[in-house]
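First, the structure itself, so that you have it in front of you.
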Amino acid sequence: MQVSGTIVVILMAANVEAKIYERCDLAKKLEAAGLNGFKGYTIGDWLCMAHYESGFDTSFVNHNPDGSSEYGIFQLNSAWWCYNGVTPSENLCHMDCHELLNRHILDDIMCAKKVVSSESGMSAWDSWNQHCYGYDLSEWLRGCHMNAKPNKKIIS
């Protein structure tokens, strides 16, 4: 009985650092980090992708059939972008995957910028291809009261 209580306390402590962002709060963080217009993508692109990848949840982890895992708000893959101690990794962002699971998303943003700077751009995220590419993304900024302009054009 005491062991299960200890496990609950440990899990609660781990989640204290996690955060599920509100859409407009995340939009403002992304804009402040310079993502609006970065490599031709708007805050709408980033919000749409993050919504479909993680539901804006910084603690989200997805385990893939190939043995790799995806971490954090942008679901950065352990085979390429971070090191999780399990999956052989290129670790192109030079970071531990677990650093992507807290409320402090500047490191996530810096790594996501590397992903977008690669040849694939935002096409690296299947969710962006399926749900965001070619769509009117203005709804993602509706009501956020910020300077970022939504992208209404199709990126080619």
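Using the three backbone atoms N, Cα and C, a Cβ is placed for every residue, glycine included.
What you are looking at is a predicted structure, and each value in this text was computed from that prediction instead of being measured.
Feature list, courtesy of Swiss-Prot:
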- 1-18: signal peptide (SIGNAL)
- 19-147: domain 'C-type lysozyme' (DOMAIN)
- Cys24-Cys144: disulfide bond (DISULFID)
- Cys48-Cys132: disulfide bond (DISULFID)
- Glu53: active site (ACT_SITE)
- Cys82-Cys97: disulfide bond (DISULFID)
- Cys93-Cys111: disulfide bond (DISULFID)
Which recorded positions from the set Cys48, Glu53, Cys93, Cys111, Cys132 come within 10 angstroms of Cys82 (disulfide bond), judged by C-alpha positions?
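Neighbours among recorded positions, in sequence order: Cys93, Cys111.
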Which of these recorded positions is closest to Cys93 (disulfide bond) if you go by CA atoms: Cys48, Glu53, Cys132?
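Considering only the listed recorded positions, the nearest one is Glu53.
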Around Cys144 (disulfide bond), which residues of its chain at least 6 apart sit with Cβ under 8 Å of its Cβ?
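In sequence order, the residues whose Cβ lies under 8 Å from that of Cys144 (disulfide bond) (at least 6 apart) are Arg23, Cys24, Ala27, Lys28.
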Any idea what the Cα distance is from Cys97 (disulfide bond) over to Cys111 (disulfide bond), rounded to a whole Å?
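Here the two Cα atoms lie 11 Å apart.
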Sorry to bug you, but what's the C-alpha spacing from Cys111 (disulfide bond) to Cys48 (disulfide bond), rounded to the closest Å?
18
In angstrom units, rounded to an integer, how far apart are the Cα atoms of the residue listed as 'active site' and Cys132 (disulfide bond)?
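Distance (Cα to Cα, whole Å): 11 Å.
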Cβ-Cβ under 8 Å from Cys111 (disulfide bond), same chain, 6 or more residues apart: which ones?
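Sequence-distant Cβ neighbours: Phe74, Leu76, Trp81, Cys82, Cys93, Met95, Leu100.
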I want to verify one value. Collapsing DSSP to three states, which class is Glu53 (active site)?
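Once the DSSP labels are grouped into three classes, Glu53 (active site) ends up as helix.
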May I ask you to report the DSSP-based helix, strand or coil state of Cys111 (disulfide bond)?
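For Cys111 (disulfide bond) - judged by DSSP and reduced to three states - the answer is helix.
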Would you mind pulling the DSSP three-state label for Cys97 (disulfide bond)?
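The residue in question, Cys97 (disulfide bond), is helix (DSSP, three-state).
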Per DSSP, what is the helix/strand/coil residue tally across the domain 'C-type lysozyme' (19-147)?
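Secondary-structure composition of the domain 'C-type lysozyme' (19-147): 56 helix, 12 strand, 61 coil.
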